[in-house]
Amino acid sequence: MARTKQTARKSTGGKAPRKQLATKAARKSAPATGGVKKPHRFRPGTVALREIRKYQKSTELLIRKLPFQRLVREIAQDFKTDLRFQSSAVSALQEAAEAYLVGLFEDTNLCAIHAKRVTIMPKDIQLARRIRGERA
C-alpha cells in the first residue's frame, strides 16, 4: 500500500476511530485491483545480467541459420550470379561473423565504460572500429 501524508485531525467521538479501523481491515483483505494479481516483474537490469551470464556460458550460434544463409547468398549475388555454397562454408562464415561481432561488442563496451557510461552507443562502435584500424 502506498504511503500517504497524514495530517493532524481533531477526534470527534468514540465511533469514528472504530469505523476507520473497519475500513482499513476491509481494504487489506480485498486486493485493490479487483482480484487480478499483477505479474511478477524483475528490477531493470536483472534480466539483462542473467542473459549476459547465460550467453557467455553457451557456445551455440546466436544468429538463425537460414536468415544468415539468405544474407550470404544475397551479398554473393552482387559479385557473381549462380554461386553455390557448401553448408560447411556457410557455417564457417557464420562462426567468423559471430566471433567478429562478439569481439566488436566487447571493445564497444570498453569504449562506453571509458566514457563513464554503461550504455553502448553508435559512437562507441565507431571509436572501437577506428582504434582497430578497420575504418579510417
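Easy rule for this one: first residue shown is 1, then count along the chain.
Using the three backbone atoms N, Cα and C, a Cβ is placed for every residue, glycine included.
Here is what Swiss-Prot says about this protein:
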- K5: N6-methyllysine (MOD_RES)
- K5: N6,N6,N6-trimethyllysine (MOD_RES)
- K10: N6,N6-dimethyllysine (MOD_RES)
- K10: N6-methyllysine (MOD_RES)
- S11: phosphoserine (MOD_RES)
- T12: phosphothreonine (MOD_RES)
- K15: N6-acetyllysine (MOD_RES)
- K15: N6,N6,N6-trimethyllysine (MOD_RES)
- K28: N6,N6,N6-trimethyllysine (MOD_RES)
- K28: N6,N6-dimethyllysine (MOD_RES)
- K28: N6-methyllysine (MOD_RES)
- S29: phosphoserine (MOD_RES)
- 1-43: region 'Disordered' (REGION)
- K37: site 'Not N6-acetylated' (SITE)
- K37: site 'Not N6-methylated' (SITE)
- K38: site 'Not N6-acetylated' (SITE)
- K38: site 'Not N6-methylated' (SITE)
Between K5 (N6-methyllysine) and K38 (site 'Not N6-acetylated'): CA-CA distance (Å): 25
Inter-residue Cα distance where the pair is K37 (site 'Not N6-acetylated') and K5 (N6-methyllysine), in Å: 26
CB neighbours within 10 A of K5 (N6-methyllysine), counting all protein chains shown, number 4
Take the Cβ of K37 (site 'Not N6-acetylated') and count every other Cβ within 10 Å, whichever protein chain it belongs to. 7
